[in-house]
Amino acid sequence: MSIELAKQMEEARSYIASKIQIAPKVGLILGSGLGVLADEVEDAVEIPYSEIPHFPVSTVEGHASTFVFGKLSGTPVAVMKGRFHYYEGYTLSQVTFPVRVMKALGIETIVVTNAAGGIVPEWEAGDLMVIRDHLNLMFRNPLIGPNDDRLGPRFPDMSNAYAPELRTLAHEVAREQGLELREGVYVGLTGPSYETPAEIRMLRLLGGDAVGMSTVPEVIVANHMGIRVLGISCIANKAAGILDTPLSHDEVIEITKRIRSQFVALVREIVSRLK
Ligand code: CYT
């Protein structure tokens, strides 16, 4: 991170600000197969990432690559339909750049979602999980490099990286909707190969409940900038070795399609109650 970063953020911010009427309060990052939530945004203004200064372009199948600005259940939002993954070849600074731009636009809270593999043997594909905490097993950190003290501290606290009050809110809404909501620790790996059964056994021993290839870098940067985070994983498959069947990205997309409506209802209601 450098002084140059602040300048790039400002260029991206002002480009977006020139195209939108609202002042987003909440940011949403929609993971694989979960982009439908963006279709619910009212008075939507779409800005493809490719138009925005200094943005990389997303390439992975099953991911769109556009910002959607507007209102979701009355709350002004910035929705990322598609995100950048480390495994696509971007630096973590590129992966997390949109989070910084959303902060520059004024968001105070971010809802980060993903499709993940379930490590807890009893969990089923299609379950939803609130992220309580994470394990950064990407073994790299988006904050490495000179720190710009205007953006955040050199050594950010991560003891409540996933805001406790937002987790409580998510459980309240789920209860009202009669939805069973899991809670657990998300393990972030680089991918893009899925884990081996031995790795999944290791992750279980280490305290992981779900595993994926995103989220951790964005959440570190959100914490760096003082953004409150809510994380929700869609358990898209049982992790490797739990069943005999091979893992496929098609399966991940298929399951996320199946639980779409529950996911959309949950997140919509949570967003409507964010203050
Ligand atoms: N599933 C997934 N591992 C998995 O098993 N969606 C990401 C990583």
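First residue shown is number 1, and so on along the chain.
Glycine residues also receive a Cβ, built from the backbone N, Cα and C atoms like all the rest.
Per TrEMBL, the features are as follows:
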BINDING   Ser32, His63, Arg83, Phe84, His85, Ala115, Ser214  phosphate binding site
BINDING   Glu195, Asn237  purine D-ribonucleoside binding site
DOMAIN    25-271  domain 'Nucleoside phosphorylase'
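Known features from TrEMBL, placed on the structure.
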residue: Ser32; record: phosphate binding site; CB count, 10 Å: 26
residue: Arg83; record: phosphate binding site; CB count, 10 Å: 27
residue: Phe84; record: phosphate binding site; CB count, 10 Å: 29
residue: His85; record: phosphate binding site; CB count, 10 Å: 21
residue: Ala115; record: phosphate binding site; CB count, 10 Å: 23
residue: Glu195; record: purine D-ribonucleoside binding site; CB count, 10 Å: 21
residue: Ser214; record: phosphate binding site; CB count, 10 Å: 27
residue: Asn237; record: purine D-ribonucleoside binding site; CB count, 10 Å: 23
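A coil conformation is recorded for His85 (phosphate binding site) in the three-state DSSP classification, outside any helix or strand. With a CB cut-off of under 6 A applied against ligand 1, none of the binding-site residues Ser32, Arg83, Phe84, His85, Ser214 are retained.
Cα of Arg83 (phosphate binding site) to Cα of Asn237 (purine D-ribonucleoside binding site): a span of 20 Å. In the predicted model, the domain 'Nucleoside phosphorylase' (25-271) has a mean pLDDT of 94. On a Cα basis, Asn237 (purine D-ribonucleoside binding site) lies 21 Å away from Phe84 (phosphate binding site). Here the CA atom of Glu195 (purine D-ribonucleoside binding site) lies 18 Å from the CA atom of Ser32 (phosphate binding site). Counting only the Cα atoms, the space from Ser214 (phosphate binding site) to Glu195 (purine D-ribonucleoside binding site) is about 14 angstrom.
For the pair Glu195 (purine D-ribonucleoside binding site) and His85 (phosphate binding site), the C-alpha distance works out to 16 angstrom.
Distance between Cα atoms for His85 (phosphate binding site) and Asn237 (purine D-ribonucleoside binding site): 19 Å, as a whole number. In the three-state DSSP assignment, the secondary structure recorded for Glu195 (purine D-ribonucleoside binding site) is coil.
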